[in-house]
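Enquirer: Next up is a structure, given as structure tokens.
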Amino acid sequence: MSQHYQHDVLVIGSGAAGLSLALTLPEHLRIAVLSKGELSQGSTYWAQGGVAAVLDDTDTVESHVEDTLVAGGGLCREDAVRFTVEHSREAIQWLIEQGVPFTRDEQHNHEEGSFEYHLTREGGHSHRRIIHAADATGAAIFNTLLAQARRRPNIELLSQRVAVDLITERKLGLPSKRCLGAYVLNRESGEVDTFRARFSVLASGGASKVYLYTSNPDGNSGDGIAMAWRAGCRVGNLEFNQFHPTCLYHPQAKSFLITEALRGEGALLRLPNGERFMPRFDPRGELAPRDIVARAIDHEMKRLGIDCVYLDISHKPAEFIKAHFPTVYERCLDFGIDITQQPIPVVPAAHYTCGGVLVDQHGHTDVPGLYAIGETTFTGLHGANRMASNSLLECFVYARSAAADMLQRLPGTPVPESLPSWDASQVTDSDEDVIIAHNWDELRRFMWDYVGIVRTNKRLQRAQHRVRLLLSEIDEFYSNYKVSRDLIELRNLALVAELIIRSAMQRRESRGLHYTLDYPDLLPEARDTILVPPIYGD
């Protein structure tokens, strides 16, 4: 039997954004936090870098704002950048109060400033402003926030729950369009439960799984973006997908990034015949910026029809390699690759979704009662290219802002009345899951080949034709068979793929992370790509 649940706030996603919002709300509110798999399966846990914030006396808000605007290729919304940076210090202070074990500065009286925690500097930042917990910041933050949430009796943490779709007044045939909750698959019972809430929050991460190679966990299938679109929310700048240049290429090695520090220490990129190729693309060779290296690798893979290229540091002494890169050395050894003697097979991998659901500074979407926070959103902070360590900051700042806004609106927002149960009377168990597996593989392959790092009009047109055929097949399957996690994710991923393709076709220039051979130059005016759903408006 399916279940009915009632909460004040329903949070779809258990990462940095979702947990922060739940913990910021007062303890008298009943809150549900849903995770598709185990609670730790989101992107937050795997984030290695840190959180960018203005913390040291030598740094300024203006400097952080300017660095972000430059990285964003003219498309950042300055009000969103300023709002995020101005609230960065208090967000970090809140994390410290929660107990996050950030790395302290052993030389606290160092000349550069007076902040007691160690700050690093990353690409694009003009100051040391990245607060971190060694090289596993995401895990430290996630474990701390999860432990705090488990201490709160008002926060219900529910794993193995996959949101199928949002429930809105419009979908129930009512005149307005408020969000009332969601239908959620319980993977343990196989039933679709009904969750009703005064406010619903999409905090479900990005959509990098739309590509064949990704550095993200399996769950990043664009669920929040797809559900918001179907509910009537606009989306923006989905053509901007960030790619990391070197992910380990091995059938068993899911999502393992090979740090850029290897190239910093002299590692060379080679073709299968051993030839170096980076000097042909940039005088800095392997030390060129991330997007240039990713494009060069992509070009060579397409030109030669090869599956990967090779990163070679074997010309360095073995002891040097083991001392400087113990994690990479051990992990590659697990897969039978001794990096002291042989090159590492690598491919670029989809890393971050810069666009998403349109929201304001409080996380409001176009649908009343529905908020969105984190990588699911398009706030205007990242523009055409995300700067390192701004993404976690965005999660905390917007989660806290959304929570404050909810508190103001709660007195005038009643709990929705009883909602209809999920209707599974017209569907049967699938005996053709091979269709899901085939469509899944086809989608991720053509998105990688045609809508990846380098694009052309013809590639985008081919991709659009194929994705529309897939959407038709998936909709038919969805109408006839019981839902599963794979089917829900495939349905969402195909929709987001179509939105990415449509966004890319509208941008007739090369800007930031969107690079097309047919329009290699910048247009004089920078404009966002905003897509409007069929049911947008009243």
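Our numbering is plain: 1 for the first residue shown, then up by one each step along the chain.
Cβ atoms here come from the backbone N, Cα and C positions, even for glycine.
Feature list, courtesy of Swiss-Prot:
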ACT_SITE  R290  active site, proton donor/acceptor
BINDING   14-17, K36, 43-50, D223, E375, 391-392  FAD binding site
SITE      E122  site 'Important in orienting the L-aspartate substrate'
Enquirer: Among all protein chains shown, how many Cβ atoms are found within 10 Å of the Cβ of T44 (FAD binding site), not counting that one?
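Expert: Counting Cβ neighbours of T44 (FAD binding site) within 10 Å gives 30.
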Enquirer: Can you grab the distance from A17 (FAD binding site) over to E122 (site 'Important in orienting the L-aspartate substrate')? Cα atoms, rounded to a whole Å.
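Expert: That separation, Cα to Cα, works out to 22 Å.
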Enquirer: Counting across all protein chains shown, how many other Cβ atoms sit within 10 Å of the Cβ of S14 (FAD binding site)?
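Expert: S14 (FAD binding site): 31 neighbouring Cβ atoms within 10 Å.
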Enquirer: How many Å separate the Cα atoms of E122 (site 'Important in orienting the L-aspartate substrate') and S14 (FAD binding site)?
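Expert: If we compare the Cα positions of E122 (site 'Important in orienting the L-aspartate substrate') and S14 (FAD binding site), the gap is 27 Å.
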Enquirer: According to DSSP, does S391 (FAD binding site) fall in a helix, a strand, or coil?
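Expert: Assignment for S391 (FAD binding site) reads helix.
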Enquirer: Within the chain of S391 (FAD binding site), which residues six or more apart in sequence place their C-beta under 8 angstroms from its C-beta?
Expert: Y352, E375, H382
Enquirer: Inside 10 Å of the Cβ of R290 (active site, proton donor/acceptor), count up the other Cβ atoms and send me the figure.
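Expert: Neighbour count, Cβ to Cβ under the 10 Å cut-off: 18.
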Enquirer: Hey, what's the Cβ neighbour count for A47 (FAD binding site) at 10 Å?
Expert: 23
Enquirer: Could you check the recorded positions A17, G50, E122 and say which one's CB has the fewest neighbouring CB atoms inside 10 Å?
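Expert: Output over recorded positions A17, G50, E122: least Cβ neighbours within 10 Å is E122.
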Enquirer: Express the distance between the Cα positions of G50 (FAD binding site) and R290 (active site, proton donor/acceptor) as a whole number of Å.
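Expert: Distance between the two Cα atoms comes out at 18 Å.
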Enquirer: Let me know the DSSP-derived helix, strand or coil state of A47 (FAD binding site), please.
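Expert: Note: A47 (FAD binding site) is coil by DSSP, not helix or strand.
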Enquirer: May I ask for the distance between A47 (FAD binding site) and R290 (active site, proton donor/acceptor), taken between their Cα atoms and rounded to an integer number of Å?
Expert: 18
Enquirer: To the nearest whole angstrom, what is the C-alpha distance linking R290 (active site, proton donor/acceptor) and T44 (FAD binding site)?
Expert: 22
